[in-house]
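Read through the structure below, which is laid out as structure tokens, and then see the notes.
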């Protein structure tokens, strides 16, 4: 029921491989505690519902709910919606996207963090079927108007402003705002045409490591300052000494993907190994390779020399 992208053999996977059968595919971005997701899956057992949520606590609550209710037509992903859209959905296969009460990021300096921007609508068009749609429900009028303008700017959608369906007002936040007497806004963004720019899945790699000659340092002091990468940023958060060497807790951010993973520096039969630990099923991306390269640079500063480089 929980989708772990690193364990998928293919990106994006076939619907059959993800769900075990074919059917109309729906993506819910930001499912919270999963109560709307569960209601949707119960009411439309023929639908296949893929949910994306950034909160680990919410994902856990939703997983428990789906298992408790025995909902076999739901798959949940812990991470950002655009990542799921890009890497878990094949082009032209998505029937509907549902976005209920997204974070409005009301401050002007934070508006680039908003989900429903022009670039997102353009990319979404590559995944929706002809006539597929995105349904937005929000209590934030300014965000609602912003989303309408961003979609209309693409020329790829017909926008229909409608009363919100009752089911969309039974989410955790909707019930809270309803008690507070807030107004709600709802629109359907229906695909008319597709953006010509392709949106291929994120490139991933099997390995990211290097072999070095020299002695393993007695100490590996790594500053907690951001390492700027071409694809994003990495921060070495903490170093722990083990029997064979060091483990480095590393935070890596890139477009639509944030990972906390372990890098390791240890003795091997052929020298000193520096690379990604497989603990936690990390995704080896260009940014992760860049983080390993930055770690190797620190080791070179300790006098080690690279003899094999797969970063």
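In case you wondered, yes, glycine gets a Cβ from its N, Cα and C as well.
Swiss-Prot lists 28, 53, 103 with the feature S-adenosyl-L-methionine binding site, giving sequence analysis as the kind of evidence. Look at Swiss-Prot and you will find 103 tagged as active site, backed by similarity to another entry. Per Swiss-Prot, substrate binding site is recorded for 107, 139.
Shown here: features listed in Swiss-Prot, placed on the structure.
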| residue | record | DSSP (3 states) |
| --- | --- | --- |
| 28 | S-adenosyl-L-methionine binding site | strand |
| 53 | S-adenosyl-L-methionine binding site | strand |
| 103 | S-adenosyl-L-methionine binding site | coil |
| 139 | substrate binding site | coil |
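Neighbour counts of Cβ atoms within 10 Å were compared for the binding-site residues 28, 103, and the top value is held by 28. Residues 28, 53, 103 make up the record's S-adenosyl-L-methionine site, and a Cβ search at 8 Å around their centroid adds 29, 30, 31, 32, 51, 52, 54, 81, 99, 100, 102 from the same chain. Looking at 53, 139, the binding-site residues in this record, the fewest other C-beta atoms within 10 angstroms of the C-beta turn up around 139. A straight line from the CA of residue 28 (S-adenosyl-L-methionine binding site) to the CA of residue 139 (substrate binding site) spans 18 Å.
Overall, the recorded S-adenosyl-L-methionine-binding residues 28, 53, 103 cover a maximum inter-Cα distance of 14 Å.
Across the structure, residue 103 (S-adenosyl-L-methionine binding site) and residue 139 (substrate binding site) are spaced 10 Å apart at their Cα atoms.
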